[in-house]
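*Asks:* Handing you this structure, nothing more for now.
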Amino acid sequence: MKNNPMLNEFILLGLTNSWELEIFFFVIFFLAYALIMVGNSLIILMVTFDSHLHSTPMYFLLANLSFLDMTLSTVTVPKMITDFFREKKTISLWGCMAQMFLVHLLGGSEMSLLVVMAIDQYVAICKPLHYTTIMNRRILLGSVFLSWVVGFVHTMSQMAFVISLPFCGPNVIDDVFCDLPLVMSLACTDTYILDLLVIADSGLLSLICFILLLVSYTVILLTVHRRSSGGLSKAMSTLSAHITVVTLFFGPIILIYAWPVSSYALDKFLSVFFAVITPLLNPIIYSLRNQEMKAAMIRLRSRHLSSRPVL
């Protein structure tokens with residue numbers, strides 16, 4: 001280590017070396033990122049300016065989920081897009097550290113927020129008479145703040161050790177953005193204990209949140225089934241969007257930390273799925289299948305047309 005200079009940048013190999021494929025991926029990712037920003041911004045706009053949605057806890061949480069998705073994509077996707085035109089795809093050491101910090105901060109916060117959204121659905125369906133009392137404004141703000149605290153503790157418990165690692169050897173990361181396991185493998189020291197810590201930290205948080213989500217959805221369905229057999233289909237229609245988002249979000253995370261065989265092709269696919277596909281599908285799932293969101297769009301459009309001056 002004394003004879004080797006410390007690294008100040010990493011090289012990202014990206015998805016492909018083919019110029020034709022890079023142009024193709026540039027167009028696809030650019031359009032996907034534009035749709036992510038437009039779709040999630042539309043949800044935030046609807047919830048902010050529609051009085052009915054603004055006062056409903058579920059949509060308040062949905063707006064926060066959209067903000068997390070937009071930020072997560074902004075941390076990763078623009079860098080991926082600009083790298084398609086670079087022969088040498090480099091990222092500075094501190095840029096890499098910042099990217100990993102923000103990815104795990106936002107990922108941990110989103111996992112916690114999905115649990116809060118599941119609890120909100122449980123209260124709304126199983127305790128409708130006490131819904132407004134339980135899910136009041138103070139509880140909502142505290143829940144969102146708690147989700148950010150969980151994300152911050154999650155990322156700091158790992159980055160506090162990673163940021164002090166020495167990097168003096170290989171600097172090639174075979175992925176589209178910096179991620180903890182790949183970056184730690186380049187350190188000029190034994191990281192076996194730190195690898196176990198990262199896997200345990202991320203894996204434990206993912207497992208706890210996933211179990212809480214499964215329990216909440218199971219209790220909801222059992223409660224509705226006992227009360228009314230006809231209400232089960234309505235509850236399934238309401239929960240199907242949430243279950244789909246949970247599956248899309250936790251699926252890649254479980255594969256990354258539980259898959260026994262490491263594959264660079266699989267890692268790249270999961271990275272793209274986590275950073276691009278999930279934030280893109282969330283607004284589609286929640287808005288196109290949600291009647292209240294459609295009604296809010298119609299009300300906002302009618303309000304805008306009625307406010308225009310008549311010639």
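The backbone N, Cα and C atoms fix where each Cβ goes, glycine too.
Predicted automatically and left uncurated, TrEMBL annotations should be read as such.
What TrEMBL records for this protein is below:
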type: TRANSMEM; residues: 23-47; note: transmembrane segment
type: DOMAIN; residues: 39-286; note: domain 'G-protein coupled receptors family 1 profile'
type: TRANSMEM; residues: 59-81; note: transmembrane segment
type: TRANSMEM; residues: 101-119; note: transmembrane segment
type: TRANSMEM; residues: 139-157; note: transmembrane segment
type: TRANSMEM; residues: 204-224; note: transmembrane segment
type: TRANSMEM; residues: 236-257; note: transmembrane segment
type: TRANSMEM; residues: 269-288; note: transmembrane segment
*Asks:* Grab the same-chain neighbours of the transmembrane segment (101-119) for me: Cβ-Cβ under 8 Å, and only residues 6 or more beyond its ends, written as numbers and ranges.
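*Replies:* Same-chain residues near the transmembrane segment (101-119) but 6 or more away: 58, 61-62, 64-65, 68-69, 71-72, 75-76, 143-144, 146-148, 150-155, 158-159, 177-180, 202, 205-206, 209, 212-213, 216-217, 242, 245-246, 249-250, 253, 274.
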*Asks:* Look at every Cβ pair spanning the transmembrane segment (269-288) and the transmembrane segment (139-157), keep those 6 or more apart in sequence, and say whether at least 3 of them are under 8 Å.
*Replies:* no
*Asks:* Short question: which residues 6 or more past the ends of the transmembrane segment (59-81) have a Cβ under 8 Å from it?
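*Replies:* Residues packing against the transmembrane segment (59-81) from afar: 14, 26, 29-30, 32-33, 36-37, 39-41, 43-44, 46-48, 53, 91, 99, 102-103, 106-107, 109-110, 113-114, 116-117, 120, 140, 143-144, 147, 176-177, 271, 275-276, 278-279, 282-283, 286, 292-293.
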*Asks:* If you average the pLDDT over the domain 'G-protein coupled receptors family 1 profile' (39-286), what number do you get?
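*Replies:* It averages 84.
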